[in-house]
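All remarks here apply to the structure that follows.
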Amino acid sequence: MNRWLLHPAAKPVVFLLALLPFATLLGGALTDSLGANPAEALIRGTGEWALRCLWLTLAVTPLRLWFGWTALLRLRRMLGLFTFFYALLHFTAYAWLDQGFALEAILRDIAKRPFILVGTAALLAMLPLAATSFNRAVRAMGGRRWQALHRVVYAVALLALLHFLWMRAGKQLFGEVAVYGGLLAVLFGARLHAWRQRHRAPALHRAAPGKG
Amino acid sequence: LPAVRSSVAGAVTMEKLTTYAHVTGYNNFYEFGTDKSDPAANAGTLKPRPWTVQIEGEVKKPGTWDIDALMKLAPMEERIYRLRCVEGWSMVVPWLGWSLAELVRRVEPTGNAKFVEFVTLDDPRQMPGLRSRVLDWPYVEALRMDEAMHPLAMLVFGVYGEILPNQNGAPVRLMVPWKYGFKSGKSIMKIRFVEKQPTTSWQAAIPQEYGFYSNVNPKVDHPRWSQATERRIGEDGLFAKKRQTLMFNGYEAQVGQLYAGMDLKKFY
């Protein structure tokens, strides 16, 4: 797997794959083949792909820990930026197709509806992460500070899940929300487990000499 | 299905019809799945014949009507109604049927009959969606007696000149054009006259979001989206501004007096 991931074509291939949903939606919009309610199809489609990309981004570390696919790290930034890309498209589609770019109406809508507020918060929280995604930013900030900032992604994931849950709750459709929630629990669980092992190991180490 | 154009006030809008493909392919009918393309794909298992409709409760003439006899109870009319879904989209549909009031009068409600309840079929062999627990089945909707007696409240047997396709609620459904679409029960097998206000399916599921009345009202938002505007399916282009939703879906002149003095924010 690692060897495949290190292949020079790996990155471009993943890039094109991640762009495929966008191309499909755009093509559908241009040829009017998104069904009876194309606006809804675009808003939902971009939102769902933002969720999927975010979950994939968050899967990099667990997959690395479980299977030793360390080369996945090469793809993480791109997946993260695709998350931001689809989230931005999602918001733009909402602001344009649902609200006609009426700024006042959008602000009122965000303030009035918790599920839209939460979605907007998730998008805004992604801004600093996207803005500091290039190599120079990591050097300028220092690895530790950069990493601390980028832990905001966990909050983004929870906000995104809540946004999705509240949207679906209006129609009592919890099936997919449960799948995303379960996956996120696994992705978070893997990190928690790794963190506990890291912190237990030195403690044992220190205790050992005392016991003689 | 032969019919005459309705002479009921407000029953024939001049707006452009939504295409047959959209009317029969974009449906909310959770008994066949929660996606709007599910009913058209899955409703083939529904058997609309033979079919009976049971009339029960506070009436002097309860009983069971065969669907073909029921259809002949009154002259079939074509009515062109706006349909506004609670989700924020709308259609213009040529329905075939007649005023629900015709049936109500025929079965002679007693003085105790204050509400009319409509129960949808709940046979999992015919309706695969019943296996999901999205709602408590059967699907129940209801109207206040005066709403049920309003000439615009309609029992529907056909659409676009034909017998109702399964996905649109065959063989008989309700159509109450001034209320959100979900108030109009489909594939009705029981009509019950009761004294107490029934709890309807969506009201039971999420009471803070769906009320008993569910009149189309641009001033009372759904808690999670605005009801001020709507998109007409197949007509309003992707980048067109959404159209303003009208009070009582544009039927205010006909039905406004039913709600005189009521706080529609409270009775949503």
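Start at 1 and count along the chain as shown; that gives each residue its number.
Just so you know, glycine gets a Cβ as well, placed from its N, Cα and C.
Marked as domain 'Ferric oxidoreductase' by TrEMBL: A:46-160.
As annotated by TrEMBL, transmembrane segment applies to A:49-67 (among others).
Annotation source TrEMBL lists transmembrane segment at A:79-96 (among others). Listed by sequence, the residues of this chain that lie at least six past the ends of the transmembrane segment (A:79-96) yet keep a Cβ under 8 A from its Cβ atoms are 14, 18-19, 21-22, 39, 42-43, 46-47, 49-50, 53-54, 56-57, 60, 106, 116, 119-120, 122-123, 126, 129-130, 133, 153.
The feature transmembrane segment is assigned by TrEMBL to A:116-136 (among others).
Residues or ranges marked as transmembrane segment by TrEMBL: A:148-167 (among others).
The transmembrane segment annotation in TrEMBL covers A:173-190 (among others).
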Provide the three-state DSSP residue tally for the domain 'Ferric oxidoreductase' (A:46-160): helix first, then strand, then coil.
103 helix, 0 strand, 12 coil
In the same chain, residues at least 6 away from the ends of the transmembrane segment (A:116-136) whose Cβ sits under 8 Å of its Cβ atoms read 47, 77, 80-81, 83-84, 87-88, 90-91, 94, 109-110, 146, 149-150, 152-153, 155-156, 159-160, 162-163, 166
